[in-house]
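Enquirer: Just lifted these from Swiss-Prot, have a look:
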REPEAT    157-179  repeat 'PbH1 2'
REPEAT    180-202  repeat 'PbH1 3'
REPEAT    204-226  repeat 'PbH1 4'
REPEAT    257-279  repeat 'PbH1 5'
REPEAT    320-359  repeat 'PbH1 7'
REPEAT    406-422  repeat 'Hemolysin-type calcium-binding 2'
REPEAT    424-439  repeat 'Hemolysin-type calcium-binding 3'
REPEAT    557-573  repeat 'Hemolysin-type calcium-binding 4'
REPEAT    696-711  repeat 'Hemolysin-type calcium-binding 6'
REPEAT    713-730  repeat 'Hemolysin-type calcium-binding 7'
REPEAT    828-839  repeat 'Hemolysin-type calcium-binding 8'
REPEAT    846-862  repeat 'Hemolysin-type calcium-binding 9'
Amino acid sequence: MDYNVKDFGALGDGVSDDTAAIQAAIDAAYAAGGGTVYLPAGEYRVSGGEEPSDGCLTIKSNVHIVGAGMGETVIKLVDGWDQDVTGIVRSAYGEETSNFGMSDLTLDGNRDNTSGKVDGWFNGYIPGEDGADRDVTLERVEIREMSGYGFDPHEQTINLTIRDSVAHDNGLDGFVADFQIGGVFENNVSYNNDRHGFNIVTSTNDFVLSNNVAYGNGGAGLVVQRGSSDVAHPYDILIDGGAYYDNGLEGVQIKMAHDVTLQNAEIYGNGLYGVRVYGAEDVQILDNYIHDNSQNGSYAEILLQSYDDTAGVSGNFYTTTGTWIEGNTIVGSANSTYGIQERDDGTDYSSLYANSVSNVQNGSVRLYGANSVVSDLPGTGQQATLEGTAGNDTLGGSDAHETLLGLDGNDRLNGGAGNDILDGGAGRDNLTGGAGADLFRVSARTDSYRTDSASFNDLITDFDASQDRIDLSALGFTGLGDGYNGTLLLQVSADGSRTYLKSLEADAEGRRFEIALDGNFAGLLGAGNLLFERTAIEGDAGDNALLGTSAAETLLGHAGNDTLDGGAGDDILVGGAGRDSLTGGAGADVFRFDALSDSQRNYDIGDNQGDRIADFAVGEDKLDVSALGFTGLGDGYNGTLALVLNSAGDRTYVKSYENGADGYRFEFSLDGNYLELLGNEDFIFATPSGQQLLEGSAGNDSLQGTAADEVIHGGGGRDTLAGGAGADVFRFSELTDSYRDSASYADLITDFDASEDRIDLSGLGFSGLGNGYGGTLALQVNSAGTRTYLKSFETNAAGERFEIALDGDLSALGGANLILDARTVLAGGDGNDTLSGSSAAEELLGGVGNDSLDGGAGNDILDGGAGRDTLSGGSGSDIFRFGGALDSFRNYASGTNGTDSITDFTPGEDLIDLSVLGYTGLGDGYNGTLAIVLNDAGTKTYLKNRESDAEGNQFEIALEGNHADQLDASDFIFATAAATTGIEVVGGSGTQTDQLA
């Protein structure tokens with residue numbers, strides 16, 4: 001319903017005070033549940049209330065004030081007003097107001113004929129209190145001649161829109177967005193204001209500024225900033241399009257804010273910087289035209305600097321980090337120093353890609369950050385890296401441009417929207433780019449391959465040939481062909497549902513590179529979407545000095561004592577023969593050795609041809625020795641490499657102690673002390689040969705193993721699996737490999753041997769045995785005792801729940817039979833084995849025999865098995881697991897001692913896993929408990945079951961050192977009381993005697 005203010009006595013004659021009449025129309029509309037208050041063309045004079053917060057006119061919920069057009073309908077403050085007015089039109093102070101606004105009129109503050117601070121439009125709730133104004137719309141409104149702010153939506157407001165409006169000749173800012181949530185400024189103009197054109201301030205978030213213009217303002221054209229109070233910084237701000245020019249300070253300033261994007265704007269003719277990023281994080285500056293700024297002195301067109309607020313309200317120092325600047329055209333004025341400049345104040349991690357910079361005085365770019373990079377090539381705008389683990393990970397991206405790194409394990413990567421980079425790493429990975437132009441990167445041939453009997457290839461589920469790309473440049477293939485001589489064969493399945501890129505040439509382990517794409521891409525893949533080569537910079541047989549650029553390149557020194565510097569970019573450096581000096585420069589670089597003679601030393605004759613790496617970056621760079629056959633770090637023997645620090649502590653050597661026939665052995669050095677920093681993850685090693693794989697299909701398969709140790713993976717369908725002799729692993733990589741819903745699709749394992757076989761569930765996220773809920777699996781045996789089930793009672797969205805069937809009564813099945821994470825397994829045989837772990841998390845299985853197990857660094861699991869074993873966890877949080885009562889026992893009657901010894905147990909960090917044996921706690925050694933006993937010398941602590949089995953054997957473990965007063969239940973993984981119901985404690989007589997009575 002419309003309420004014409006003239007019906008309430010307003011005159012609009014430019015003389016009379018119409019405040020009361022207009023307010024009466026507003027109140028009437030509000031009382032009726034809402035409506036439109038209409039002001040015909042004319043000049044309506046208004047005056048303020050007793051307090052500044054009274055304003056002149058108070059707008060209310062569901063009321064919209066509408067005029068006849070900007071300049072036609074004018075609401076103007078009366079001459080001579082000398083008090084502050086916080087809003088000529090405003091919402092009520094301390095009330096939550098919703099669904100209101102104003103359109104098609106002008107507010108005039110009459111600045112020349114009044115005194116006091118006067119604002120034009122004001123709304124918002126009480127600062128710091130719960131509550132907010134909501135759903136506010138202003139369209140085609142002009143605000144002029146205010147001594148204070150023009151548009152000032154102030155404090156908590158949700159869903160504000162101001163569009164097609166103008167603010168000019170105001171004493172402070174033209175447009176303010178103060179603590180606005182989910183709002184929009186669109187197609188507005190702000191000019192000739194004494195301070196800023198647009199000021200986005202005080203915790204504003206999820207806010208869009210689209211196609212706005214600010215010019216001729218005394219301050220900046222647009223500012224995004226925290227403001228003067230110590231509050232949460234503005235974030236998730238998008239500035240898209242528009243123009244910011246001829247302002248006194250910056251064109252755009254982003255200060256104490258994060259996750260701000262400035263794109264597609266023209267910024268020019270401003271007094272200081274075109275754009276200034278000031279104590280902000282994760283700012284993107286994309287595809288703008290920034291030119292002819294620095295009109296008032298010598299400044300950069302774009303400046304990145306940190307902000308020192310240590311003497312301010314927060315007491316903090318805000319470092320500018322994570323700025324991404326790409327695709328901008330930057331042209332300097334006669335005063336412009338740099339196109340893009342970092343200050344030397346901690347500003348770092350800036351990424352500059354494909355910007356065109358010209359006509360600047362000192363240089364295109366000046367960077368100080370150690371981790372900042374610049375490239376002439378386009379980037380993909382990555383603002384975050386999502387990194388997996390050595391296990392089977394699921395990584396999901398957002399709408400941003402991200403890099404997803406699966407690392408080891410069978411990973412599932414989904415980029416979401418945005419231009420993403422997906423690198424599955426080792427393992428059989430499932431890669432989905434999502435929306436956007438995505439890059440699928442393969443970093444090693446062994447990341448995706450097949451053998452004669454099984455497939456370990458990655459699958460790309462949604463490749464878009466029109467915009468996605470596959471980066472194979474690190475693999476050495478030359479292009480498409482017949483699959484031989486370094487080419488890849490493009491092959492489509494018979495039903496046209498899948499396309500393969502494959503090499504038909506196998507490595508020494510029988511592995512052939514192969515990657516699969518869902519869909520038929522015959523005729524669609526080529527130079528536009530397959531990246532085979534990076535630029536090669538090659539030397540010759542002499543002593544060469546090779547220098548890379550900002551692009552990703554391969555530097556090949558060949559023979560001679562060469563000096564290689566990759567510059568910026570993710571480079572590959574291959575020194576070749578001779579004593580070479582290698583510097584990767586910025587970027588994630590790979591230092592590759594293709595032959596043992598590339599870097600070698602002969603200690604007998606004193607000939608040192610070892611290469612030297614000047615700037616290895618742990619966690620970013622890689623050392624590629626995969627072609628040489630080394631399989632890990634160790635003692636320098638048996639295919640391992642040792643780390644050795646020189647006496648000065650300033651150089652680390654990576655060396656093999658095994659000489660060739662000519663007396664030379666492989667060795668290179670790194671400048672600096674990396675002794676405690678380098679791990680297997682910093683190397684690309686050769687993959688050791690291991691168990692054979694039997695791989696099923698999506699159908700109902702019957703897989704029969706042999707006497708060898710095998711990994712058996714049925715895949716989809718209802719499969720029958722038999723391992724045969726040997727220590728076999730039955731692998732389930734998807735919930736739907738074995739499940740039931742209204743019917744059973746569970747796989748059946750016909751010959752599971754609990755003494756040596758295992759079930760690999762590492763890709764499914766289960767934590768262990770339990771009641772079938774909360775990520776656990778229930779262990780159930782049918783009433784006839786002929787079949788055992790491992791089952792989850794939790795269903796997926798399709799109503800499917802995981803279940804496996806095993807022939808026989810396997811009620812003694814325990815954690816030792818399940819692989820719940822994807823750690824590397826080091827397994828011994830039937831003899832007396834010595835197993836040594838690395839810095840990674842590993843599982844060491846001694847098997848039969850008197851074994852010596854050393855976990856090394858990492859959080860390891862040590863299981864000595866049968867025999868009298870010596871167990872050393874090394875550093876990390878280790879688990880010493882016992883899967884049978886005779887794994888560690890003593891027979892006092894016969895004098896037989898099969899007690900395992902743990903050399904370095906750390907209470908509070910390490911754990912002893914006895915959950916399979918039925919023990920429920922510490923005690924007197926009876927009734928399912930273990931007694932703690934210290935020897936007379938105080939040098940060894942025993943854990944003892946005092947109840948013998950039928951042969952007189954008693955379970956017992958020895959721990960080096962005095963732990964008698966340190967051990968408690970938290971150092972053990974015991975069986976729960978529920979789990980032991982109806983189960984006899986392993987190794988006990990079955991007769992319970994109350995020793996405490």
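Cβ atoms here come from the backbone N, Cα and C positions, even for glycine.
How buried are the listed features, and what sits near them?
Expert: Non-local neighbours of the repeat 'PbH1 2' (157-179) in the same chain are 70, 109, 111, 117, 120, 123-125, 127, 132-151, 185-204, 207, 212, 214, 217, 219, 227; each lies 6+ residues outside the stretch with a CB under 8 Å from one of its CB atoms.
Note on the repeat 'PbH1 3' (180-202): DSSP counts are 0 helix, 12 strand, 11 coil.
Summed and averaged per residue, pLDDT over the repeat 'PbH1 4' (204-226) gives 97.
Using a Cβ-Cβ cut-off under 8 Å and counting only residues 6 or more beyond its ends in the same chain, the repeat 'PbH1 5' (257-279) has close neighbours at 220-221, 224-226, 233-251, 285-297, 299-307, 309, 318-320, 323, 330.
Residues 380, 388, 392, 397, 401, 405-418, 446-448, 455-464, 467-471, 687, 733 of the same chain sit 6 or more residues outside the repeat 'Hemolysin-type calcium-binding 3' (424-439) yet have a Cβ under 8 Å from a Cβ within it.
Residues in the repeat 'Hemolysin-type calcium-binding 6' (696-711) partition by DSSP class (helix H, G, I; strand E, B; coil) as 0 helix, 5 strand, 11 coil.
Residues 691, 693-707, 736-738, 744-753, 756-760, 819, 827 of the same chain lie 6 or more positions beyond the ends of the repeat 'Hemolysin-type calcium-binding 7' (713-730) yet place their CB under 8 Å from a CB of it.
Remote same-chain partners of the repeat 'Hemolysin-type calcium-binding 8' (828-839), defined as residues 6 or more beyond its termini with a Cβ less than 8 Å from a stretch Cβ, comprise 632-635, 679-681, 845-858, 860, 865, 867, 874.
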Enquirer: Is the repeat 'Hemolysin-type calcium-binding 4' (557-573) packed against any residues at least 6 beyond its ends, judged by a Cβ distance under 8 Å, and which are they?
Expert: 373-375, 474, 534, 538-551, 579-592, 624
Enquirer: Quick test of the contact rule: Cβ under 8 Å, at least six residues beyond the ends. What residues does that give for the repeat 'Hemolysin-type calcium-binding 9' (846-862)?
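Expert: Non-local partners: 679, 756, 823, 827-840, 868-881, 913.
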Enquirer: Quick check on the repeat 'Hemolysin-type calcium-binding 4' (557-573): DSSP residue counts for helix, strand, coil, in that order please.
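Expert: Tallied per class, the repeat 'Hemolysin-type calcium-binding 4' (557-573) gives 0 helix, 5 strand, 12 coil.
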Enquirer: Based on DSSP, tally up the residues of the repeat 'Hemolysin-type calcium-binding 2' (406-422) by helix, strand and coil.
Expert: 0 helix, 5 strand, 12 coil
